[in-house]
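*Asks:* TrEMBL lists these features:
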{"type": "COMPBIAS", "residues": "121-135", "note": "compositional bias 'Acidic residues'"}
{"type": "DOMAIN", "residues": "45-112", "note": "domain 'Histone-binding protein RBBP4-like N-terminal'"}
{"type": "REGION", "residues": "1-27", "note": "region 'Disordered'"}
{"type": "REGION", "residues": "110-142", "note": "region 'Disordered'"}
{"type": "REPEAT", "residues": "257-292", "note": "repeat 'WD'"}
{"type": "REPEAT", "residues": "304-345", "note": "repeat 'WD'"}
{"type": "REPEAT", "residues": "353-387", "note": "repeat 'WD'"}
Amino acid sequence: MAARKGRGRTCETGEPMEAESSDAGTEGRAQVYLPGRGPPLREGEELVMDEEAYVLYHRAQTGAPCLSFDIVRDHLGDNRTELPLTLYLCAGTQAESAQSNRLMMLRMHNLHGTKPPPSEGSEEEEEEEDEEDEEERKPQLELAMVPHYGGINRVRVSWLGEEPVAGVWSEKGQVEVFALRRLLQAVDDPQALATFLRDEQARVKPIFAFAGHMGEGFALDWSPRVSGRLLTGDCQKNIHLWTPTDGGSWHVDQRPFVGHTRSVEDLQWSPTEDTVFASCSADASVRIWDIRAAPSKACMLTTATAHDSDVNVISWSRREPFLLSGGDDGALKIWDLRQFKERKQSGSPVATFKQHMAPVTSVEWHPQDSGVFAASGADNQITQWDLAVERDPEAGDAETADPGLADLPQQLLFVHQGETDLKELHWHPQCPGLLVSTALSGFTVFRTISV
C-alpha cells in the first residue's frame with residue numbers, strides 16, 4: 001500500500017491552485033487553496049497555477065462548446081510517455097442554433113511538457129534559444145468537422161475491425177452512427193484536409209440512424225467485447241440494444257429494457273462478460289442487466305437508492321469487480337459487484353467520497369492502474385483518487401499546520417481547477433496518466449505529478 005507522499009499527493013491543485021495575496025501581512029506568500037475547505041479568496045488574492053504540479057498541461061478551444069467527446073485509439077503505440085505527444089479526439093458541439101452544430105475530429109500534436117529542459121550558454125544565446133524553443137514547442141491542432149443538425153449530447157467511438165465509427169446521441173431524439181475514416185485521414189494530411197473541406201465535408205451523412213427513442217437521451221456505450229454491439233438509453237427511461245448485421249448495419253430491438261422509472265443517465269458494458277451491462281438513472285438506482293433474458297425480465301440486480309437523488313454517471317473497472325458512480329448529491333461511490341448476490345432492492349457501497357460540492361458530471365477508472373480513478377463536477381473541480389493510499393504518519397505535522405488538509409479524504413491525490421462548467425473527462429488509454437476534459441471553457445489535456 002502506497003503512502004500519500006509516495007503518490008505525490010498534491011493538493012496544490014492545478015490550474016489555479018495557490019492563492020497569492022497582496023495584503024501587507026502576507027505579501028509574497030503563496031498558500032494552498034482548497035475549494036470548499038477553508039476561507040474564500042479575499043480582496044487582493046488571486047489563484048495562480050502551480051506548474052510544478054503538472055508534467056504536461058495544454059488547453060484548446062474549438063468555437064462552440066462540446067458537451068461530450070471520446071478519445072480515438074490510434075496506431076501510434078501503447079504506453080506512450082515520450083514527449084511531445086499526439087492524440088485524436090472526436091467531439092460534438094452544443095451550439096446556439098441547431099444548424100450550427102458540428103461533429104468534429106481533432107488531432108492535437110506537438111504536446112510538450114510544462115518544463116523545458118535547461119540549456120547552457122550565455123544569456124544572449126539563451127534568450128535566442130528560448131525564443132526558438134518556444135516556437136518549436138507550440139502545440140498544434142488540426143480540425144475536420146461535418147455539419148450536424150441539432151446539439152450533440154454524447155459521443156462514443158469504437159473500432160469495427162479496421163473501421164472507426166462514432167455513436168452520436170442528438171438532442172433531436174435520434175442516435176446516429178458516423179464513419180470516421182475520412183475525418184482521421186483529413187487531420188493527418190494537409191492535402192487530404194483541403195480535399196475533404198472542398199469536396200466532401202458538406203455531404204457526410206450518418207451510415208445508420210435510429211429514431212425509435214421517444215425523445216432525446218445521453219446514455220450510450222459500445223461493447224468492449226463484441227464488435228459493433230451498442231446500448232442506448234433515453235430520458236424516457238428506455239434502453240435499447242443494437243446488434244450489428246451483415247453489410248455494416250444494425251438491428252435495434254424495439255422492445256426496451258424495463259426497470260428504471262426515470263431518465264437513464266449512463267450505461268456501461270461489463271468488461272468481462274459479453275451479455276452483462278450496468279445502468280444508472282435519475283430514479284437514484286443502479287441496475288445490472290443480462291441481455292440473454294427477455295428485455296422485460298433482464299434486470300438481475302438493483303440498488304434502488306444508490307445516491308440521494310439522480311445518479312449521473314458510472315464507470316465499470318476493467319481490472320477489478322468495482323463499479324464507480326457519481327450523483328447529483330456530489331458523492332462518489334464504489335460498489336463491489338461480488339456483493340450483489342441476488343435481486344435485492346438495497347446495497348451498500350464499499351467506499352463513499354465527498355469532495356465535490358455540486359453534481360458529479362463524469363467518472364472514469366484509470367485504464368492501467370486498478371485503484372485510480374478521476375471525476376469531474378459542476379463545482380469545476382477535477383479530482384484524482386487512489387484507493388491504495390493510506391495516511392502517512394509523518395504527514396501529521398503538515399496537516400496540523402494546515403487544518404484543511406486533515407479533513408481531506410486520504411485517497412484524494414489531486415484537485416485540478418480553472419475550468420468553467422465541466423462536462424466530461426477521459427483517461428487516454430494509450431498514454432498513461434494523461435487526462436482530457438471538456439467544459440464550456442474548452443478542452444484541457446494534462447498529466448499531473450500524482451498519477
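Just so you know, glycine gets a Cβ as well, placed from its N, Cα and C.
Keep in mind that TrEMBL annotations are predicted by a computer and have not been checked by a curator.
Are these features on the surface or tucked inside, and what touches them?
*Replies:* Same-chain neighbours of the repeat 'WD' (257-292): 217-226, 229, 231-241, 298-318, 323, 325, 327, 335, 337, 340, counting only residues six or more beyond its ends whose CB sits under 8 Å from a CB of the stretch.
Nonlocal intrachain contacts for the repeat 'WD' (304-345), taken as residues 6+ away from its ends with a CB within less than 8 angstroms of a stretch CB, comprise 224, 262-263, 265-271, 278-282, 284-286, 288, 351-365, 367, 370-371, 373, 375, 377, 379, 385, 387.
Looking at the repeat 'WD' (353-387) alone, the prediction's average pLDDT is 97.
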